[in-house]
Each structure stands twice: as structure tokens, then as C-alpha cells.
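According to TrEMBL, the protein has these features:
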COMPBIAS  681-692  compositional bias 'Low complexity'
DOMAIN    5-324  domain 'Acyltransferase 3'
DOMAIN    394-662  domain 'SGNH'
REGION    670-692  region 'Disordered'
TRANSMEM  7-25  transmembrane segment
TRANSMEM  31-51  transmembrane segment
TRANSMEM  72-91  transmembrane segment
TRANSMEM  103-123  transmembrane segment
TRANSMEM  163-182  transmembrane segment
TRANSMEM  243-260  transmembrane segment
TRANSMEM  269-286  transmembrane segment
TRANSMEM  306-324  transmembrane segment
TRANSMEM  345-363  transmembrane segment
Amino acid sequence: MQHRPEIDGLRTLAVLPVLLFHAGLPGFSGGYVGVDLFFVISGYLITGIILSSERGHGFSLLAFYERRVRRIMPALFLVILACLPFAWITMLPEQMASFGKSLMAVCLFVSNILFTLQTGYFASDAELQPLLHTWSLAVEEQFYVFFPLIMMATRRLPARTRMAILILVAAVSLALAQWTVGRAPSEAFYLPHTRAWELLTGALAAFWMSERNQKGHDGAAMLGLAAIAVSVVAYDASTPVPSLYALLPVLGALAIILFAQPGTRVARLLSYKAMTGIGLISYSLYLWHQPLFAFARIQSPTEPSLGRMLLLTLLAFVLAYLSWRCVEQPFRSRARPTRRSGVTALGVTAASGALVIGIGLVAQSGEGLAFRVPAAAREAAAAAGKTDPVMGTCLFDKGEAALPHPVKACLTPGTAASPTILIGDSHAGAMAGEALRGFSAAGEPLYVMAHSACVGFSGFAVSDPKYHLRCNRFFTGIEDYIARSGIETVIMLSRWSLYVDGSPFDNGEGGIEHRRPTYVDLFDRRDSMGAQDDPERRARVLKAYLDDIRAYLDRGLNVVLIYPVPEAGWNVPDTVARMIMNGDPLPLITTSYARYVERNKAVIDAFDTLQHPRLRKVKAADAFCHQPLADRCLNADGAGSMLYFDDNHISDQGAARLVPEVIEAVKALRSQPSTPPEAGTQPTPQTAVATP
């Protein structure tokens with residue numbers, strides 16, 4: 001297959017956005033689409049090689065796999081080897097155990113499956129995975145298992161028939177991607193059946209060009225460049241990919257492959273020495289960048305500065321050039337594979353892989369080689385994600401209908417029914433265990449029912465595909481139960497501001513929550529939700545909050561409204577553990593109260609407009625802020641207590657600060673004279689909510 005320097009330039013357009021996206025550089029929120037470009041390029045090149053072999057000496061499966069091994073494995077093993085000492089020095093036990101699993105998965109080319117089970121690509125812990133980026137290598141290798149066999153099985157068919165088969169398979173793959181991304185976004189992102197259409201797009205380009213003398217067209221190629229640029233700049237973590245959205249960068253790459261022929265302006269642009277030079281080292285550059293970034297983030301208690309990340313990007317270029325020159329090139333230099341060389345290459349790869357798998361098994365032993373880490377840091381790290389068992393029972397996740405029969409574990413002990421119920425999302429679930437214990441000690445019955453990623457009311461659709469329709473179903477059941485079960489008091493707690501604003505929390509001091517934007521809109525707009533930054537959507541949501549709270553009050557129920565809980569931004573237990581490892585024995589960790597007010601102003605202002613004799617308000621910030629430091633909110637008290645088990649959910653220690661005030665509010669409501677609504681009472685007049 002004839003070498004095309006403009007394809008090396010296209011590789012540059014693929015790898016640079018990925019690097020800058022992972023570095024956190026503003027303006028590259030969609031840089032992850034560079035992987036989509038790589039898939040198209042790989043499909044094009046591999047198919048071109050197979051077609052050239054078919055026309056020449058014949059296609060050899062052994063020779064094909066030898067080339068793949070020589071191309072991929074030496075540099076990959078080098079990067080894995082370089083990761084080992086840094087993992088030993090910097091990783092907490094749980095991180096080391098996870099790293100061991102990823103070592104094994106990489107060598108078996110199933111890391112995409114592992115990361116599907118472990119984490120989402122945009123999840124907070126994904127950036128701490130040094131080998132996260134190997135998921136794309138796994139997808140390619142899984143594709144290479146089946147694609148050559150399809151090519152061999154169809155080699156006697158006319159080219160048009162083979163193309164028709166590939167078009168059909170690609171269409172099915174794209175349809176699966178579109179269907180899956182709204183139901184299981186991690187599976188859609190990582191698994192080969194939803195990515196195959198991108199590789200097959202490149203394969204179809206190779207077929208097309210093998211049958212025709214394709215002419216260049218600058219206009220079409222320029223449109224391809226524009227499509228890639230728009231997707232890199234306009235897409236972000238909330239964009240559902242791979243789906244029809246991924247057609248934009250994929251068709252952009254296809255247009256460049258087809259129409260940026262030698263002599264066109266786009267081909268000349270992509271063939272500049274700087275573009276082709278980066279393209280030649282793009283594989284090594286892709287391999288090196290993620291471990292560098294991940295270990296920087298693992299080592300630092302806070303998000304590394306942008307300047308530091310850019311310096312690491314430059315270091316990635318240096319390492320990439322050296323590994324390309326000293327490792328990639330020598331191993332790829334054999335002019336023509338032979339049967340003996342193929343068997344040798346595969347044997348050496350298998351032996352090396354077995355060694356790495358053994359290292360992976362060792363890394364998982366002893367709870368992630370925990371002896372490496374000081375005892376205090378181990379104890380702190382163990383609190384990360386450690387929730388009260390009650391939370392796992394009373395916090396639902398699939399929209400299941402737990403009612404009308406109360407879940408016994410979610411009632412105060414010895415209680416068959418309760419006149420008081422705590423509802424909301426995982427912020428309510430996080431305080432469930434401490435709330436049940438506290439209410440029981442106070443002689444107050446309590447029932448807890450919460451659902452992940454749900455506001456706490458029916459009538460909302462969630463932007464997260466996993467929860468899009470579940471929340472309305474679940475809380476419709478909750479509200480029906482409240483209406484007929486003798487409930488007198490409803491306690492409400494959710495991550496109110498997240499659903500209005502949608503943005504992950506940034507505490508302004510290096511604590512940045514890494515997750516997909518999550519927001520809500522009214523359920524009757526579920527098929528055409530407003531944008532995250534749409535002020536009309538935000539105003540609708542705030543008004544709906546107030547309407548739903550008033551609806552409970554108008555039915556004669558008491559309401560305890562808990563204002564937003566301060567978010568931390570950083571994973572508090574991991575941050576404490578990291579600071580201990582860095583020499584701070586018992587760190588006091590706080591965040592800015594001013595940032596809390598800024599984040600939650602719209603919700604606080606809206607809640608402040610509510611006035612009713614059966615309403616009590618609990619200001620959660622009063623339990624966490626201004627003590628011991630003015631204008632600061634406490635995350636860890638410097639004496640070993642951590643008030644959060646991650647970056648926004650309070651631990652049992654944190655809940656213990658909040659629950660007593662909630663109990664007092666419930667008692668105060670019950671002790672006051674009953675004021676039931678009279679028959680025919682009209683709902684409380686609605687208050688207009690200003691657009692935030």
C-alpha cells in the first residue's frame with residue numbers, strides 16, 4: 001500500500017486533541033473524538049494492507065498478526081515497564097489492586113471490558129488509571145481477530161458485494177451504538193460492537209479507493225477538517241458518543257482520506273514536516289501521555305495545575321520520540337515476515353504477556369501491596385466510598401418500585417410504620433444510616449427512601465441516560481405511598497443545585513469533580529430537554545421545586561427542607577491519605593464558604609421565598625461551615641474524622657452533624673397546633689422565580 005504523508009498528518013489531528021483533552025486544556029472539551037479518528041485511520045490502513053496482499057503474494061494471517069505484534073507490543077511493554085516503579089511509589093492500596101487488574105487486561109486485550117465494569121470514561125477515578133487509554137487498543141485488536149477472517153471468507157466475492165456486506169455490518173453497529181448509548185453509556189463507549197462501524201468506515205474508504213482513481217477535492221477535504229474541529233471544540237463529556245453525534249468526526253476523517261489527495265491544499269497542509277513528524281510518533285505519544293497525567297494526578301492531593309500538565313505534555317513528546325526511534329522503528333524494520341519470524345514474534349509476545357500478567361497478580365495480592373503505605377494513609381484511604389450498609393438498602397438505583405410495602409431495614413428498629421419519611425437522592429441516602437440511628441435514639445420513627453441521581457420529586461427527566469425516565473417512575477410511587485400511608489412529615493434532601501446548574505463542582509482550590517454534567521428538566525419535556533446552560537430550563541426547574549414543596553404543604557403535610565449540603569470537590573479520604581503520604585500527619589481540609597454560596601445561590605434564594613407554618617428549613621451549611629475556621633467549610637477535621645466519603649457525599653461523621661437539627665425540626669413541627677387545609681382550599685399562590 002502506497003504511503004500517504006497526509007494520513008500521518010491526520011494522525012496528528014487525532015492524537016493532539018486527545019492529549020490536550022486529558023491535560024484539561026480549555027477549548028478541547030471534545031478532544032476524546034481523536035480516538036474515533038484513529039479508528040477510521042486504522043480501518044483504512046489495515047484494509048488497504050489486506051487488499052494489497054491479496055493482489056500480491058496473497059494474504060497471510062500469520063504475517064498479518066506478526067506485523068500487528070511488531071507494531072503494537074514493544075512500545076506497549078516499554079510503557080508498562082515504566083509504570084511499575086511509579087505505581088509502587090505513589091499508589092494507594094485500592095489503586096494498586098486496580099492497576100494490577102489493568103495490567104492483566106491489557107495483555108489479554110480486554111482492558112475495554114475491564115473499564116466498562118470498573119468505571120466510565122468520564123468518571124472521577126478514570127483519570128487516575130494509568131492504562132485507561134489502552135481500551136482503544138483492545139477494541140482494535142478485538143476487531144483484528146474477526147475482520148481478517150471476514151476478508152478471507154469473502155475474498156472471492158466481487159468488491160461491490162464485499163463493500164455491501166461491510167456497509168450492512170457498519171449500519172448494524174451504528175444502530176447498536178445509538179440504541180446502547182442511551183441505556184448503557186459505558187458499554188456503548190468501550191465495547192467493540194458499538195465501535196466497529198468507525199473502523200469499517202475506514203475499511204470502506206480503502207475498498208472505494210482500490211476500485212477507483214479517486215480525485216482530490218479541496219472543498220470536501222476542508223469540510224472534513226471543519227467537521228473534526230467543530231466536534232473537538234463543541235462536544236463535551238455530556239455528548240452521547242459513540243452515536244449519531246460521532247458521525248461528525250468520523251465523516252470528517254473519511255472526507256480527508258478520500259479527498260485530501262496529493263496536490264490539494266489540505267494534503268499539503270497535512271504533509272508539512274511538523275504534521276507528519278507528530279503523526280509518525282503518534283502511537284508512542286498516545287501510549288505515554290496517559291500514564292504521565294495519571295501519576296501526576298495520583299501523586300498530588302489536588303488537581304495539578306495547567307502549567308504542570310502542559311510540561312508533562314512536552315515530556316510525553318520527548319519520550320514518544322525516543323521510543324519511536326529506539327523501540328518502534330527497530331522492531332518494525334524487518335522487510336518481509338516469514339513463518340519462523342511470525343512464530344517467534346508471537347511466542348516472545350506471549351511470554352512477555354505472561355510475565356506482565358504475573359506482575360498484575362502480585363499487584364493485587366495483600367490488598368494492593370498495602371504494606372507499602374503508612375498505616376494512617378491506609379486507614380484514611382479505606383474510608384473512600386465506604387458507606388453505611390443502610391445506604392445500600394435504602395438508596396435505589398434502577399427506578400424499582402419498593403413500595404407500597406416498606407423495606408424493613410429502612411425503618412427505625414422496632415417500627416412497623418412511620419409518620420415521618422426522608423426522601424431524595426444519594427445525598428439523602430448518604431445520611432440514611434445515621435438518621436435512622438439518631439431518630440431511634442430520640443424515640444422518633446423514621447422511614448428512608450431515596451434514589452440515585454433523582455431530585456426527590458416526580459415530574460422530572462434526568463439528562464443522564466441511565467436515569468432519564470427512572471426517577472419519575474420511582475417518585476410517582478413514593479408520592480402515592482405518602483398520600484395513602486398516614487405520613488405526616490416529609491424530610492427532603494437532594495443535590496439541588498447540581499440538577500439546576502448541571503456542572504460538576506469545582507472548589508476553586510484544585511478540587512475538581514470529574515463526571516458528566518447532570519441536570520433535569522420537566523418530564524413532559526423528556527424528549528426535548530433544554531440545554532444545560534439554558535436559563536429558561538433552570539427557571540423551570542427552580543419553579544417546579546417550589547411547586548412540589550408547596551403541593552405537600554397544601555395537602556396538610558409537614559415539610560423539613562434541607563438546604564444544599566456543601567460539596568468538597570476533591571475525594572476527601574483519598575486527599576487525606578495522599579497528604580499523609582506526602583508528610584502531613586493529620587491534615588485539616590476545608591473549602592471556601594463563598595464558593596458554596598456562589599454555587600447554590602439560585603437554590604438558596606428560591607428556598608428562602610418559601611414561608612409556611614408547617615415548613616421548617618435546615619441550613620446544611622451551618623453544620624459544616626464557619627467551624628473551626630470562619631468562611632470555610634469543613635471536609636476533614638484534622639483529628640482523623642472525615643466528613644465525606646467521596647467528593648460530595650457526607651459520611652456517617654458528617655451526617656452526625658446534621659441529623660440532630662433535622663430531629664429538632666421534626667419535633668417542632670409535631671408539637672405545634674395542627675393546621676390541616678380546609679376542604680376546597682386552593683393551592684398556595686405560586687411565586688415567580690428569577691432566572692439564575
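Cβ atoms are placed via backbone N, Cα and C, with glycine included.
Remember, predicted model here, so these are calculated numbers, not experimental data.
Against the transmembrane segment (72-91), stretch 269-286 has more CB pairs under 8 A than any other of 7-25, 243-260, 269-286. Counting Cβ pairs closer than 8 Å to the transmembrane segment (31-51), the top stretch among 7-25, 163-182, 243-260, 269-286, 306-324 is 7-25. For the transmembrane segment (243-260), same-chain residues at least 6 beyond its ends with a Cβ under 8 Å from one of its own Cβ atoms are 6-7, 10, 14, 33, 36-37, 39-41, 44, 174, 177-178, 181, 188, 197-198, 201-202, 205, 208-209, 214, 216-218, 220-221, 223-228, 230-232, 235, 266-267, 270.
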